[in-house]
Amino acid sequence: MENIIVSFNVIAPVFFLMVLGYLMVNYTSLADRKLTKQANAIVFKIFLPCMLFYNVYQSDIGAEIHSRIKLCIWAAGGLLILFVLLCLIVPKVVKQENQQGVVIQGIFRSNYVIFGVAVVQNMYGVKSTTTAAILSAILVPMYNFLAVVALSIFGEKRETDWKKIILDIVKNPLIISSVLGIIFSLLGIRLPTAVDTTVQDLAKLSTPIAFMILGGDLDFSKVKGNLKVASVVLTIKLVILPLIMIPMIVMMGYRDADLLSGLLAYQTPVAVSSYIMAQQAGADGQLAGQLVVFSSVLSIFTLFVTILILRTIGLLGI
């Protein structure tokens with residue numbers, strides 16, 4: 001019973017915030033989709049960067065990276081291997097060309113910055129989110145770049161401005177904040193108390209507002225059709241991949257917050273931006289939207305079950 005309560009307490013806040021955001025946008029006059037779009041930009045450019053920066057900044061990053069180097073290499077290498085396998089297999093299985101790139105990014109691309117850090121923080125506290133923050137700095141640019149590659153190869157619009165893509169990745173606030181956090185931590189640079197407190201307060205806003213926006217952005221009118229394809233994609237993403245990845249992380253010797261951080265790289269929902277990118281690439285935007293909606297809802301339950309099982313067998317302690 002204790003494991004059920006702990007697992008519920010980790011996941012329930014995420015669910016409640018998403019429901020609150022959905023209700024505010026769809027059933028009240030307090031917010032609308034225009035507001036969520038504006039708020040999403042603020043979260044992406046201010047709150048989330050502050051969170052990533054502060055989580056890395058307040059840690060001994062040199063020791064953290066040294067003790068987790070295998071996990072970092074595994075996360076990056078595993079993502080590349082998964083991407084290559086998907087590019088080889090998906091075109092042979094999915095016959096509708098405009099769905100191929102969507103399926104590929106739907107399986108490998110995760111909303112890790114929001115879900116990964118938040119779930120680890122809910123279970124282990126802010127000081128245990130360093131691993132998730134480090135993995136975010138590695139995985140976010142890879143997610144973005146590989147998604148563009150997939151949609152360029154398998155989308156209808158084959159012409160891609162790679163210079164602009166690379167520049168956008170380099171200018172990504174999440175990447176910049178993570179790198180700055182690493183630099184400040186390695187050099188021992190300390191922020192003035194007033195600035196430190198301000199950054200910390202902004203960081204605390206990131207999780208609740210991000211999940212409320214995610215809930216507000218859920219559009220269930222996009223869930224019609226493509227249920228067979230969506231079911232297969234989400235079964236692979238939310239069930240099969242975690243079953244493959246968990247033993248690998250455990251065999252490397254990682255437990256608790258590190259195990260959870262690595263696992264969440266493969267079991268968090270499809271990134272919301274994948275829907276926009278699919279539309280821009282001339283791919284199946286409807287399927288992309290369905291994957292975002294379904295994965296955001298279903299991941300609440302799959303994460304709960306996963307955390308419960310891992311706690312029960314002693315791999316996730318507190």
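Placed from the backbone N, Cα and C atoms, the Cβ positions cover glycine too.
Because TrEMBL annotations are produced automatically, they should be read as predictions rather than curated entries.
Lifted from TrEMBL, the feature list:
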{"type": "TRANSMEM", "residues": "6-27", "note": "transmembrane segment"}
{"type": "TRANSMEM", "residues": "39-57", "note": "transmembrane segment"}
{"type": "TRANSMEM", "residues": "69-90", "note": "transmembrane segment"}
{"type": "TRANSMEM", "residues": "102-120", "note": "transmembrane segment"}
{"type": "TRANSMEM", "residues": "132-154", "note": "transmembrane segment"}
{"type": "TRANSMEM", "residues": "174-191", "note": "transmembrane segment"}
{"type": "TRANSMEM", "residues": "232-254", "note": "transmembrane segment"}
{"type": "TRANSMEM", "residues": "287-310", "note": "transmembrane segment"}
Cβ-Cβ under 8 Å with the transmembrane segment (174-191): same-chain residues at least 6 beyond its ends: 44, 48-50, 52-62, 113, 133-134, 136-137, 140-141, 199
Cβ pairs under 8 Å between the transmembrane segment (6-27) and the transmembrane segment (232-254), at least three: no
Winner by Cβ pairs under 8 Å against the transmembrane segment (102-120), considering only 39-57, 69-90, 132-154: 132-154
Intrachain neighbours beyond the transmembrane segment (39-57), with Cβ under 8 angstroms and 6 or more residues off its ends: 113-114, 117, 126, 129-130, 132-134, 136-137, 173-174, 176-178, 180-182, 184-185, 191, 199-200, 202-207, 209-210, 213, 217
Cβ-Cβ under 8 Å with the transmembrane segment (69-90): same-chain residues at least 6 beyond its ends: 100, 103-104, 107-108, 131, 134-135, 138-139, 142-143, 146, 149-150, 153-154, 241, 245, 248-249, 252-254, 258, 261-262, 265-266
